[in-house]
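*Asks:* Have a look at the structure that comes next, please.
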Amino acid sequence: MADAEMAAFGAAAPFLRKSEKERLEAQTRPFDLKKDVFVPDDKEEFVKAKIVSREGGKVTAETENGKTVTVKEDQVMQQNPPKFDKIEDMAMLTFLHEPAVLYNLKERYASWMIYTYSGLFCVTVNPYKWLPVYNAEVVAAYRGKKRSEAPPHIFSISDNAYQYMLTDRENQSILITGESGAGKTVNTKRVIQYFAVIAAIGDRSKKDQTPGKGTLEDQIIQANPALEAFGNAKTVRNDNSSRFGKFIRIHFGATGKLASADIETYLLEKSRVIFQLKAERDYHIFYQILSNKKPELLDMLLITNNPYDYAFISQGETTVASIDDSEELMATDSAFDVLGFTPEEKNSIYKLTGAIMHFGNMKFKQKQREEQAEPDGTEEADKSAYLMGLNSADLLKGLCHPRVKVGNEYVTKGQNVQQVSYAIGALAKSVYEKMFNWMVTRINATLETKQPRQYFIGVLDIAGFEIFDFNSFEQLCINFTNEKLQQFFNHHMFVLEQEEYKKEGIEWTFIDFGMDLQACIDLIEKPMGIMSILEEECMFPKATDMTFKAKLYDNHLGKSNNFQKPRNVKGKQEAHFSLVHYAGTVDYNILGWLQKNKDPLNETVVGLYQKSSLKLLSNLFANYAGADAPADKGKGKAKKGSSFQTVSALHRENLNKLMTNLRSTHPHFVRCIIPNETKSPGVMDNPLVMHQLRCNGVLEGIRICRKGFPNRILYGDFRQRYRILNPAAIPEGQFIDSRKGAEKLLGSLDIDHNQYKFGHTKVFFKAGLLGLLEEMRDERLSRIITRIQAQSRGVLSRMEFKKLLERRDSLLIIQWNIRAFMGVKNWPWMKLYFKIKPLLKSAETEKEMATMKEEFGRVKDALEKSEARRKELEEKMVSLLQEKNDLQLQVQAEQDNLADAEERCDQLIKNKIQLEAKVKEMTERLEDEEEMNAELTAKKRKLEDECSELKRDIDDLELTLAKVEKEKHATENKVKNLTEEMAGLDEIIVKLTKEKKALQEAHQQALDDLQAEEDKVNTLTKAKVKLEQQVDDLEGSLEQEKKVRMDLERAKRKLEGDLKLTQESIMDLENDKQQLDERLKKKDFELNALNARIEDEQALGSQLQKKLKELQARIEELEEELEAERTARAKVEKLRSDLSRELEEISERLEEAGGATSVQIEMNKKREAEFQKMRRDLEEATLQHEATAAALRKKHADSVAELGEQIDNLQRVKQKLEKEKSEFKLELDDVTSNMEQIIKAKANLEKMCRTLEDQMNEHRSKAEETQRSVNDLTSQRAKLQTENGELSRQLDEKEALISQLTRGKLTYTQQLEDLKRQLEEEVKAKNALAHALQSARHDCDLLREQYEEETEAKAELQRVLSKANSEVAQWRTKYETDAIQRTEELEEAKKKLAQRLQDAEEAVEAVNAKCSSLEKTKHRLQNEIEDLMVDVERSNAAAAALDKKQRNFDKILAEWKQKYEESQSELESSQKEARSLSTELFKLKNAYEESLEHLETFKRENKNLQEEISDLTEQLGSTGKSIHELEKIRKQLEAEKLELQSALEEAEASLEHEEGKILRAQLEFNQIKAEIERKLAEKDEEMEQAKRNHLRMVDSLQTSLDAETRSRNEALRVKKKMEGDLNEMEIQLSHANRMAAEAQKQVKSLQSLLKDTQIQLDDAVRANDDLKENIAIVERRNNLLQAELEELRAVVEQTERSRKLAEQELIETSERVQLLHSQNTSLINQKKKMDADLSQLQTEVEEAVQECRNAEEKAKKAITDAAMMAEELKKEQDTSAHLERMKKNMEQTIKDLQHRLDEAEQIALKGGKKQLQKLEARVRELENELEAEQKRNAESVKGMRKSERRIKELTYQTEEDRKNLLRLQDLVDKLQLKVKAYKRQAEEAEEQANTNLSKFRKVQHELDEAEERADIAESQVNKLRAKSRDIGAKGLNEE
């Protein structure tokens, strides 16, 4: 399907099929068939790899991720070529194996293509996300499409089922299976949705619907939410898991419209009603009711909205994130309404649901001094009784004191609390189950319409195969169901394969793969199978689960390959037997099976239910009749038997009904896959998917496919694709049939010719051959393409070379012409020629222009005519094309109708022929059967009489023999069990081993005696003499049967002769058919050729249309050019007239001027050349236009005529060919139907022969039953011991994990402390920076004050200057008045002024110098402010780093929390394992107790043997000799029995001693367990405390971080303020500079007038000196601040160095921690070594047991050995006492070490307290491990030498531990030294801080002194100013 066709699917197209671009990319991907392979992988199951080398049966390959692996050659599997990537049907893969299937699914899943075909299967993978592949657009696109026409989809499966139902008139079924959470329920909904859309019954259903109800489509769809509410629940894998299976039948009418529907359910998980796992929850309806969406429900049911108030529904989770319970309640309620439930029915359902919740809250207590239960409060009982319509007192009485029928009387029975609780649970489960089944029945009644129904499609949604760690009765039922379904699939699949091969004429031996699973099915369901034995045990009152197990072992262990004894693994639930299913071996635990199968109820309460006032409840239990139901006269017995139906029998009955339904349908298979267990979209867990593919039969289907020919291609396609491999085999010119061509082609290739077969229409390939052909094709294509590329490159190079040569020749010609022109262009004659030439043609141009005008007019008229003609032709062509399209559509429709009619006709003819053949065959068979029946009935009657007598006699004998053999087997099994238990005792004490030998020898003697007795019993064969006569009679009857068989064989030979004749006729028919096929293929070939010609003509027509359009465009361009030509011509005309005028003027001028015409001649030449060029262009355009128009007219007319003729011819030929085709098809159908009829007759005859042979084989097999027994005691013991070692290893690993987690916790706490310390250092650095900022701020304030003083001084100078100016003005006026008088005085004053002026200039220079110094001070202050800004930025960076550290710390804290939670889970798992170990210990104790019981049973068996011997003596009383011999044997047996009893008593005494040891070991184990739990609690408390501390630290860090951010913001604000102040100061300083410059100018202008201002100038000089002093003071202050800043920087550097030192010390401590870790690992390794020694001891024990078994022949010396064993026992007791003393000494040593550790802890309490606590905890762990090892070793010591060696090893271990403790002590000392060094560093830092503080105080004191001096100087300055003012005033006054 191309991309254009996929557009019909809309947005779903990319999720259904690869695009063409992807397919092309996949085909061009590099691939090497010989090197690209799959190799096995531990994690990913299989990985892609490339083979590097092969040698010696091994393959070295490099995987995709670069890893090199070496595997066996048979483990390597080839990859498929790229054309098979993401293939839609995996059955078409050329290499069909597990990795190919897995990777195809994985790659499709990665592209979100979740549906894939695998032969008959449709495999769907759960996407865990919404995909747009289910909308109405997709439904419409799949409707009516065949499977091969559309991508894989559940809609395609549904539509194919629907179409098959309509065409084949056969019921269909869709089987949807898979694990929980794989998407079964969703796909079932989609199937129902599809049928509801495409097969809606229309308006009629809407008219007929009842008010309040929905349409039938709505009801079918709404049945799902109603059933989901009561049958779905949350599980670990799936939030909406269906806990029941269902088979939904959707019935259709004859026209394919919906008629009705019904539902059948299977295996509702009713145990979920009262019990749920921790991560699961109960059925949805309970939580929907409690959602409070309908408060009236809560009031009606007397419940709250809290699920935890009800015990039954609150054992797991109560909410699900993906489910809105309130909305679901409304959906359920509306579904009830749509389904037509009455309000009374709805309320009854809700009431029973609420009553079940109240049932779970009913409490009972034990009566004092009685084993009798009584109610503990009646409130919940009252509520539940009210809701159920019962009396509360009667309910409680029925629960606590039920009535039981004993004989013909009823007796009241007392119940204890446990029995009452069980009864309540059983009643709740039964009520819920019956209510659910009633709902299904009620829904079926609603969906049952009165409309006629013809066919149905069944949808089966059932759980897939289940293999859990704990498999019980429910898993057996589910797996049995899947086994039957898989057998059904296998049989169906291979029947289809068989039909395909038969249809294609492939020789094939029929293999019924369905029989592969028959052994397992028979083992479960046949008489004396598992189900049968279970039901038989349920009939016996004293039967238990163990008796059921014993019966299973007796009947099947060793007799059936599918029944095995399981290998119990420690840590997992015990398994009792294993079954080999098709999906794998499953271990089953049988605990509680009898109870589950019987499913008993309290019949007193059931009687109350039957009388309930709640109508629904009484109806649910109306037909219930328990085991105690009264008999109704003569029919009571039958009624009782029929009512007591077990769960297994009911399940088998339902399953048989289901299989009957499925066998009557045409099945379709859907397998749902769960990709991963984390519900992650797009992620595929390879091992999980492979497990499911095995379980759901996909790989089984592949196995069946590989047996046959999985790849098949039509001959035509094969020839087209692979002809390139050998083109000579199929010549191009001549016609060769596709089949013959394929045969020639394959015969010419170098391949294995047994790997393919030729059918009638297809060639069939074995797996792998198609991939080889693809590789050969790729190699051939690469060679051809390489050759084409080489030739193409050669042609292109030659063309390029030719162009270069032509270019060179052209250049040479141009060069020659240019050289010639350059040689003659300056000749005078040439110049004259150039001038005169244009003037000669002016007259000719006028004539030419006139002719051109005329021609132009004619061309224009012709063009208009051609345009009109062209338009007419275009209109005709459009109409012809429309007619052609209409004809094509009509032909297509007629072809479709004809094909449909042909198909229907063929089908009807086939059906008719088949029915006629069947009728004929049946009549013939009926006649034969009647004849045979007449002959056989007489013989049968005679034989039946004889056989009945013989059977009675044989049955009696077989019963007696079976009884004897059964008792013998029971005795043997019990003796085996006894020997097994004796062997277990031998492992503990050697004495018991020898006793066991003696017992076994005695037992062997008993067996020998029994064998002798059996030999004697054989004398009874004399009694069979009478039977031999009867056997002779039977042989006579057998002879008669043989005669009958001979008759049958004669009939068979006759039929074979007929068959040969029919085969010959078939061969003739086949030859005729082949001839007809060849004729038909020739006609098809001619038809294809004609179709190709039609397509070519259509393509030619389209090309002509394109050319017409191009010509039209060209005509338009020509018209535009013509228009441009007209304009150009007008311009030329105008130019010509202008030129003519100019020519006249020029001629006049020439006449006047004479020879001055050279310029005019050149102009005339140019114009003439232009005119000639334009005329040539116009002529060319006109000619070209006329030629194209004529060609177009001619071509158009020819093409139209030709197309019309071709269409007519093609239509006639097509009609003729279609007639011939239909005739040939009819003939071919007749021939094929005849052939099929003959083949079917042959198959039926062969089937009859096979059935007769099978019957004979069954008769023979019944007479050939054998016994098999296998003793697997040794393997079981080895398993147990390996499991024990495995568990101990797991315990060690868990302990190592705990220690690792504690170490991780310690490292995280250390990291937290380091982070805290770093944070404190950063805070200190921040404080230092803040202090520096504050000092800088203070300096800035001082500068501001200084600046204000300077401005005041400047203002004062300004005032002085203005005063001086006024004085100068006064002096000027005074000078003008007194000028004459004081000239001499002025001269002197002038000199003085000059002197003063010089002084003033000096003063101004001094002021300027002062200004420059102030400028320098300003720059220096600016630099300091910049430095402060850098410091501020650094503090900001530090704050950012702190933020980053805070985030990192948060991450670390989150990781630590996660690890803490993981450690918590690990602790819980370790606690669980400890509990499992305790249960194992109790099991061991129980095993010992069972051994005692077995000893007692052995005694009983001896007694039974004695009784059996006595019975035998009574039976053989006829012969006195045998009685005498039996008497002797009895005496011998009694003597041996006494010996055995004495030996057993001794063994019992030793067992009691060992029991005491076990009790002591148990007490020690309990102590260890209590110690572990206490330590775990302490660890929990420590972790909680650490968690709280870390949270507090996080809070404190958060607050400090907030403070840091606030301080940073404050610093930024201050910085901005300082920048603003600095800018203002700069502005003021510049203003002051300008003012000083103006003042200087004024001073210069007033130099002559400063005589009187000298005093003021002196004052100004003094003020200037004061200012200098002030500046010096400020500079000193600034220097002091600078020094202080430098000191602070040094302090920061010192703290940085100390931080680095601390980090270095942290690294050293981490290295020490690693050293401790390595020491811990060495201790763990030593522990593992001790475990290895323990396993060695166990192997030695096993060897000893083997030796004991080999020594069984020496059992006669048991009594003498017993005394020796007693002595050895005393020695062993002495040895154990010695070991006990050694243990006490070692415990004392450990206590001393503990004391030393305590002292070390007190010494290092201050510095390394935490480390010591860790070390102390580790020491305690080591002590516990040491004690545990000592106890285990003390118990496992077997013999003196082994014990001594073990003690030596323990002492060596103790010395090693002591050394390790000494190392730990050294580490503690080092840590103490480290703590002291830390203390010294802290003291040094404190001293440094004190010195810095004293320096700061000193600087502060100096600052205060400087400020005081400044104040003094300022006061002096003020005094001097005042004094100067006074002096100035006095001077003025004096003057």
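Keep in mind that glycine also has a Cβ here, set from the backbone N, Cα and C atoms.
Owing to the predicted nature of the structure, the values given are computational and were not obtained by experimental measurement.
From Swiss-Prot, here are the annotated features:
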DOMAIN    32-81  domain 'Myosin N-terminal SH3-like'
DOMAIN    85-778  domain 'Myosin motor'
BINDING   GLY178, GLU179, SER180, GLY181, ALA182, GLY183, LYS184, THR185  ATP binding site
MOD_RES   THR378  phosphothreonine
DOMAIN    781-810  domain 'IQ'
MOD_RES   SER1137  phosphoserine
MOD_RES   SER1269  phosphoserine
MOD_RES   THR1282  phosphothreonine
MOD_RES   TYR1308  phosphotyrosine
MOD_RES   THR1309  phosphothreonine
MOD_RES   SER1510  phosphoserine
MOD_RES   THR1513  phosphothreonine
REGION    1915-1935  region 'Disordered'
COMPBIAS  1923-1935  compositional bias 'Basic and acidic residues'
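Looking at the shown structure, can you explain where the listed features end up?
*Replies:* Around SER180 (ATP binding site), the C-beta neighbours below 8 angstroms that are at least 6 residues distant in the chain are THR235, ARG237, ASN238, SER241, ALA463, ILE674.
Close to THR378 (phosphothreonine) in the fold, though at least 6 residues off in sequence, lie SER392, LEU396, each with a CB less than 8 Å from its CB.
Long-range contacts of the domain 'IQ' (781-810) within the same chain, counting only residues at least 6 positions beyond its ends with a Cβ under 8 Å from a Cβ of the stretch, are 724.
Reduced to three states, the DSSP call for SER1137 (phosphoserine) is helix. Close to SER1137 (phosphoserine) in the fold, though at least 6 residues off in sequence, lies no residue with a CB less than 8 Å from its CB.
A C-beta separation below 8 Å, combined with a sequence spacing of at least six in one chain, links TYR1308 (phosphotyrosine) to ILE1452, TRP1456, LYS1459. In the three-state DSSP scheme, TYR1308 (phosphotyrosine) falls into the helix class.
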*Asks:* Using a 10 Å radius around each Cβ and counting other Cβ atoms from all shown chains, which of the binding-site residues GLY178, GLY181, GLY183 yields the largest count?
*Replies:* GLY178
*Asks:* In sequence order, what residues of the same chain, 6+ apart, have a Cβ less than 8 Å from the Cβ of THR185 (ATP binding site)?
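*Replies:* In sequence order, the residues whose Cβ lies under 8 Å from that of THR185 (ATP binding site) (at least 6 apart) are GLU228, ASN232, ASN240, SER242, ASP461.
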*Asks:* Per DSSP, what is the residue tally for the domain 'IQ' (781-810) in helix, strand and coil?
*Replies:* 30 helix, 0 strand, 0 coil
*Asks:* Please report the three-state DSSP label of GLU179 (ATP binding site).
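*Replies:* It is coil.
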*Asks:* Under a three-state reading of DSSP, tell me whether THR378 (phosphothreonine) is helix, strand or coil.
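*Replies:* Assignment for THR378 (phosphothreonine) reads coil.
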*Asks:* Counting only residues 6+ apart in the same chain, whose Cβ is under 8 Å from the Cβ of LYS184 (ATP binding site)?
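*Replies:* Those within reach of LYS184 (ATP binding site), by Cβ under 8 Å and sequence separation of 6 or more, are ILE176, THR177, GLY178, SER242, ASP461, ILE462, ALA463, CYS672.
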*Asks:* What average pLDDT does the predicted model assign to the domain 'Myosin motor' (85-778)?
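*Replies:* Mean pLDDT, the domain 'Myosin motor' (85-778): 85.
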*Asks:* So which other residues, same chain and not among GLY178, GLU179, SER180, GLY181, ALA182, GLY183, LYS184, THR185, have a Cβ within 8 Å of the centroid of the Cβ atoms at the ATP site?
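*Replies:* Apart from GLY178, GLU179, SER180, GLY181, ALA182, GLY183, LYS184, THR185, the close residues are ASN126, ASN238, SER241, GLY464, CYS672, ILE674.
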*Asks:* Can you count the other CB atoms that lie within 10 A of the CB of ALA182 (ATP binding site)?
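*Replies:* For ALA182 (ATP binding site), the count of other Cβ atoms within 10 Å is 25.
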*Asks:* With DSSP helix as H/G/I and strand as E/B, how many residues of the domain 'Myosin N-terminal SH3-like' (32-81) fall in helix, strand and coil?
*Replies:* 3 helix, 30 strand, 17 coil
*Asks:* Sequence gap of 6 or more, C-beta under 8 Å: which same-chain residues meet both conditions with respect to GLU179 (ATP binding site)?
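*Replies:* Sequence-distant Cβ neighbours: ARG237, ALA463, GLY464, GLU466, CYS672, ILE674, GLN692, CYS695.
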